[in-house]
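Undergrad: Below is the structure I would like to discuss, written out as structure tokens.
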Amino acid sequence: MRKKISIIGAGFVGSTTAHWLAAKELGDIVLLDIVEGVPQGKALDLYEASPIEGFDVRVTGTNNYADTANSDVIVVTSGAPRKPGMSREDLIKVNADITRACISQAAPLSPNAVIIMVNNPLDAMTYLAAEVSGFPKERVIGQAGVLDAARYRTFIAMEAGVSVEDVQAMLMGGHGDEMVPLPRFSTISGIPVSEFIAPDRLAQIVERTRKGGGEIVNLLKTGSAYYAPAAATAQMVEAVLKDKKRVMPVAAYLTGQYGLNDIYFGVPVILGAGGVEKILELPLNEEEMALLNASAKAVRATLDTLKSL
């Protein structure tokens, strides 16, 4: 029997995630959105590409949560973008309401699913999804680090003039300006990245990575990134459905790791069929720990705002 993946939110990130997943033939895909016709149209369009691209998976669009029942993975991309004049608190409230609505309807229909959150503010929305679903924390995770690491790896490859395939990089922390790229744990085919790139240039690359999402928003003028976020999400879905035991940074629930408790936070994990199968604790130095704690403080502030609403 084929696996089933439900994607809630048929916007750019949701529909592009469906595209990457179909190309990988990971399972049948259900694309759900509240707007009538949009998920149906996008799903049909994608499904009609299957004879050309040769993927044998069904892609269906719906407005009905009943069609998501018995999913193996649920991906949540639904959320409102920040509009001019909107405070951070306003955005948190709007997206919290959307997340509650999505999870409260989808989770009971797929009690054994792994939930992957892709909406912002990522760490807080993942915390909320875990709370609303009642799922074991290891089966509710956030996609941020895979995308941020991909951007970091891209910039390192561009600077060093090497294949992106040979760049391995790790970063931690919250998604956004407070992320913590870790040059010390970044290599090119096992060779420390510092052998290729001078410290001042590496510092600039770290800063560009932190602002990676904003850079694309500024270039597009309307909208935000979706190819890379969707590809990152598809990679996580693949790790779960194929039980690949991939080592990747995801927003996971911490219970004392890195001195942090009761928080969803970007850390390296082993990702497999059970979701987060192990959280890896890296031997961080004082400077790295200071950056990590500052990042945790920012994530905690967002979480406190969410809890106060």
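Backbone N, Cα and C define each Cβ position, glycine as well.
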Undergrad: Considering the NAD(+) binding residues Gly9, Ala10, Gly11, Phe12, Val13, Gly14, Asp33, Val118, Asn119, Asn120 given in Swiss-Prot, which of Asn64, Asn95 is annotated for that site as well?
TA: Asn95
Undergrad: If you measure from the Cα of Asn120 (NAD(+) binding site), which of the recorded positions Arg88, Arg151, His175 is the nearest?
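TA: Checked the recorded positions Arg88, Arg151, His175; minimum Cα distance to Asn120 (NAD(+) binding site) goes to His175.
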Undergrad: With every protein chain in view, what's the tally of Cβ atoms within 10 Å of the Cβ of Arg151 (substrate binding site), excluding that atom itself?
TA: 25
Undergrad: When you rank Arg82, Arg88, Arg151 by Cα distance to Gly9 (NAD(+) binding site), which of the binding-site residues ends up on top as the closest?
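TA: Checked the binding-site residues Arg82, Arg88, Arg151; minimum Cα distance to Gly9 (NAD(+) binding site) goes to Arg82.
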Undergrad: Determine, using Cα-Cα distances only, which of these recorded positions is closest to Arg151 (substrate binding site): Gly11, Val13, Val118, His175.
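TA: Among Gly11, Val13, Val118, His175, His175.
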Undergrad: If I take the Cα of Gly11 (NAD(+) binding site) as reference, which of the recorded positions Arg82, Arg88, His175 has the closest Cα?
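TA: Of the recorded positions Arg82, Arg88, His175, Arg82 has its Cα closest to that of Gly11 (NAD(+) binding site).
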Undergrad: Tell me the Cα distance separating Val13 (NAD(+) binding site) from Arg82 (substrate binding site), rounded to the nearest angstrom.
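TA: Distance (Cα to Cα, whole Å): 16 Å.
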Undergrad: Same-chain residues six or more away whose CB lies under 8 A from the CB of Val13 (NAD(+) binding site)?
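TA: Result: Thr77, Val118, Tyr226, Pro229, Ala230, Thr233.
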